[in-house]
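K.L.:
Can you read through this structure? Questions will come right after.
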Amino acid sequence: MGSRSSHAAVIPDGDSIRRETGFSQASLLRLHHRFRALDRNKKGYLSRMDLQQIGALAVNPLGDRIIESFFPDGSQRVDFPGFVRVLAHFRPVEDEDTETQDPKKPEPLNSRRNKLHYAFQLYDLDRDGKISRHEMLQVLRLMVGVQVTEEQLENIADRTVQEADEDGDGAVSFVEFTKSLEKMDVEQKMSIRILK
C-alpha cells in the first residue's frame, strides 16, 4: 500500500492526471516509464523526432497526423501531462467510465464523442471545422498510397463527402461526421490496450 503513494510521487501531479485521463495508477506509471524512455536526452519533454521513434507510428499511414496531435497550436514540445492526454483518447472504454460519470464533470477523454472529435481533427487538415473533398483526398492518399488509382481515390473522396454532407455545402462538419459513424464501434476501434 505504501508503494502506491511512493510511485505517485515520481509523477508530478500524478493524481490530477489520473483523474483527468482515467488511466489507472499502474498504467500511468508505465506511460511515465515510456515517456522517459522516449526522452533520451532527459529534457523533460518530447519533440516530434522523439515520437517518430515509436514503431507503430512510423508504419501507420496517419502516423504524422497523429504525431502532430501531440503539438497543438504549433508548439514544439509535449510534456508528460500532454502526452498522456492525447493517449487517453485511445484508452478503452470501461464499464465504470460510463457508470460513474458525473454530469457536472467534463466528458472523459476516451468517450465516444471525444474519440470522434480526435479522429475528425486528423481529417480536418486546415482546422476550419469541416472536412473538404480535398482534405478527404489527402487523407485517402496517405492511407492507401499507390494501391489505388488517382481516379478511384477521387471517386471515393467524392462519394464519402456526398454521403456524409447533409447540408449540401460540399464538406463534412463534425456533426455530419458523427452521424455518418453512428453505427461504427468507435469506442473499440479507437482503443489501444495499455497494460493495467
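A Cβ is built for glycine as well, from the same backbone N, Cα and C atoms used for every other residue.
What Swiss-Prot lists as Ca(2+) 1 binding site is D124, D126, D128, K130, E135, and the listing cites sequence analysis. Feature annotation from Swiss-Prot assigns Ca(2+) 2 binding site to D165, D167, D169, E176. The annotation domain 'EF-hand 1' is assigned in Swiss-Prot to 26-61 on the grounds of sequence analysis. Residues or ranges marked as domain 'EF-hand 2' by Swiss-Prot on the basis of a curator's inference: 71-106. As annotated by Swiss-Prot, domain 'EF-hand 3' applies to 111-146. According to Swiss-Prot, the domain 'EF-hand 4' annotation covers 152-187, on the basis of sequence analysis. Per Swiss-Prot, the feature N-myristoyl glycine maps to G2; the stated evidence is sequence analysis. According to Swiss-Prot, the feature phosphoserine maps to S27. The motif 'Nuclear export signal' annotation in Swiss-Prot covers 137-148.
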K.L.:
Any idea what the Cα distance is from D167 (Ca(2+) 2 binding site) over to D124 (Ca(2+) 1 binding site), rounded to a whole Å?
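P.N.:
A Cα-Cα distance of 18 Å.
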K.L.:
Just name the winner among D124, D126, D165, D169 (the binding-site residues) by count of other CB atoms within 10 A of its CB.
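P.N.:
Most Cβ neighbours within 10 Å: D124.
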K.L.:
Taking DSSP as the reference, which of helix, strand or coil describes K130 (Ca(2+) 1 binding site)?
P.N.:
strand
K.L.:
Looking at Cβ-Cβ distances, which residues of the chain lie under 8 angstroms from E176 (Ca(2+) 2 binding site) while being 6 or more apart from it?
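P.N.:
Residues satisfying the criterion: A164, D165, E166, D167.
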K.L.:
Please classify the secondary structure at E176 (Ca(2+) 2 binding site) using three-state DSSP.
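P.N.:
Once the DSSP labels are grouped into three classes, E176 (Ca(2+) 2 binding site) ends up as helix.
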K.L.:
Please report how many Å separate the Cα atom of D128 (Ca(2+) 1 binding site) from that of D169 (Ca(2+) 2 binding site), as a whole number.
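P.N.:
Just about 14 Å between their Cα atoms.
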K.L.:
To the nearest Å, how far is the Cα of E135 (Ca(2+) 1 binding site) from the Cα of S27 (phosphoserine)?
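P.N.:
E135 (Ca(2+) 1 binding site) to S27 (phosphoserine), Cα-Cα distance: 35 Å.
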K.L.:
Do you know offhand how many angstrom separate the residue listed as 'phosphoserine' and D126 (Ca(2+) 1 binding site) by C-alpha?
P.N.:
34
K.L.:
What is the average pLDDT across the domain 'EF-hand 1' (26-61)?
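P.N.:
Its mean pLDDT is 91.
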K.L.:
Using Cβ atoms only, which residues of the same chain lie under 8 Å from K130 (Ca(2+) 1 binding site) while being at least 6 residues apart in sequence?
P.N.:
D124, D169, A171, V172, S173
K.L.:
What is the set of residues, excluding D165, D167, D169, E176, whose C-beta falls within 8 angstroms of the centroid of the C-beta atoms at the Ca(2+) 2 site?
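P.N.:
After dropping the recorded site residues, what remains is K130, A164, E166, G168, G170, A171, V172, S173.
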